[in-house]
Amino acid sequence: MSINWFPGHMAKARRQIEESLKKVDVVIEILDARIPLASKNPMLDHVIGDKPRVVILNKKDMASQSETDKWLNHLKRQGVYPAAVNGKEPNILKKIEAPVVEATREIFERMEKKGINPRAIRAMIVGIPNVGKSTIINNIAKRKVAKTGNTPGVTKAQQWIKAGTKMELLDTPGVLWPKFEDPEIGLKLSLTGAIKDNVVNLDEVAIFALKFMQEHHLAELNKFYNINIDSTTEIVDIFDAIGNSRGFKMSGNEIDYERVTEKVIYDTRDAKIGQLTFDLAEEI
Ligand code: G4P
């Protein structure tokens, strides 16, 4: 689901997160494992401040496994506690609980020294739309929690969900806006379905996807579309090759570029061509 963000929405979303932050010990930031940079909210570091943070790379089933491993190492080096998950998998709580316990260990040790009775770790989930926040909350809660959190400005009474024996989770995620400024980030957000198709130029999205795969995943691209391009093939010739291979033709045997564009975007978005990561860890 996507939201059109306006300055009023953004201010309200930020205020709501700041209010919720007061109630929790730790923030669980959900990123899309395919785009760990592009799916970050530009303000979050500032909003969270010193609060312990866990970063979850979700949708790992759609991302390149080797890239996800590199991202996990990079995040660890940065001093955050990461994990990679498939939000739809049954064993997700254990995978999230481990870094949450690590991230809050110091706070709870300090509380214990002061003689304060141990209690559950309080956590909240935050992230931009479509990264899988509701999927993860519902999975942990083992029920469908209302999705009002995705509409900035619509508030509901927040409740605590018991997440195993060690953790309590706010049932409403903090929803923040994606980065808009960099056009390439917009293309990556569109390619993964985080922003609506009608706010970006779909031709540019398909060209970006094809060039990326030509450079980094040529064998998968050739195999999936049953084509035979190489690293020097011009982009228009890649469109032609896919159109010909799939029989996307208009009257007069012209290639139907619109159909090729849509097909490439949906095949990439649904990870049909392969498990692809578009933000490469070595590029940072
Ligand atoms: P949000 O609250 O952050 O906005 O995201 P939400 O949970 O609604 O998830 C967005 C889409 O991503 C949903 O698909 C959801 O099923 C899918 N999803 C979430 N986590 C994962 C994951 O780890 N792996 C995969 N493959 N998909 C994931 P949808 O098509 O919008 O809805 P539906 O097909 O579930 O009905």
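Note: Cβ is positioned from N, Cα and C throughout, glycine not excepted.
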GTP binding, same site as ASN58, LYS59, LYS60, ASP61, ASN130, VAL131, GLY132, LYS133, SER134, THR135 - TrEMBL member from GLY8, GLY164, GLY174: GLY174
Residue among the binding-site residues ASN58, ASN130, SER134 whose Cβ has the most other Cβ atoms within 10 Å: ASN58
Secondary structure of GLY132 (GTP binding site) (DSSP, helix/strand/coil): coil
Among GLY132, GLY174 [binding-site residues], residue with fewest other Cβ within 10 Å: GLY132
